[in-house]
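Right, one structure below, let's go through it.
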C-alpha cells in the first residue's frame, strides 16, 4: 500500500533545512561581529563630524539596514510558525532583498562615478544598468510566489516555515544577485 510519501525526499528536505539554518546562523553572527569590530572606527570617523547628506543617509541605511532583517530571518529559519505567519515573513524578506540591492547598487554607483572623474558617460551607463538591474530583480522576486512546501506527508515539528528553494528559484535568486554585480 503506497501512501505517495517519498522518505528520501523528506530526508533531503530536512538535511537542506539544517544546512540552511547553520548558514543563516553563521551569517547573522558574522554580521553582528563585523558591526562590533568596526563600531569604534565608525564613531571616530563618521559620527563625530556627522552631517546628513544623501551619501551619509545611504551609509546609514547600508550599515544599519541589514540588522533589521535579522529578526525575520531568525524567525523564518528557527521558529515553528504557522503558515499564515510564515508567508508575510517571506514577503518581508523578499522586499528587503530588493531594498538591499538598491542601496548597495547606489553606493557602488557613487563610488564608480567618483573613480571615473564624474564622467557623464559613466553616469549614463550606471543609470541604465541600474534600471535594468532593478527591473530584473523585481521581476525575479515577484514572478514566482511559490510557497515552498512540496511534501505530501507529515511535517516534523520545527519545519513549518520551510525557506528552501526549488532549483528554478535558486537560479532566479542567483540571477538577481548577479545582476547587481
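Note that Cβ sites are derived from N, Cα and C of the backbone, with glycine treated the same way.
Same-chain residues lying 6+ beyond the ends of the transmembrane segment (20-41) with a Cβ under 8 Å from its Cβ atoms: 63, 66-67, 70, 73-74, 77-78, 163-164. The transmembrane segment feature in TrEMBL is assigned to 20-41 (among others).
Sequence annotations record features per position, and here TrEMBL assigns domain 'DUF6533' to 22-66. For the domain 'DUF6533' (22-66), the model's average pLDDT works out to 93.
Residues or ranges marked as transmembrane segment in TrEMBL: 91-110 (among others).
Among the features that TrEMBL reports, transmembrane segment is placed at 122-142 (among others).
Listed by sequence, the residues of this chain that lie at least six past the ends of the transmembrane segment (91-110) yet keep a Cβ under 8 A from its Cβ atoms are 55, 58-59, 61-62, 65-66, 68-69, 72-73, 76, 126, 130, 133-134, 137-138, 141-142, 176-177, 180.
In terms of DSSP secondary structure, the domain 'DUF6533' (22-66) contains 39 helix, 0 strand, 6 coil.
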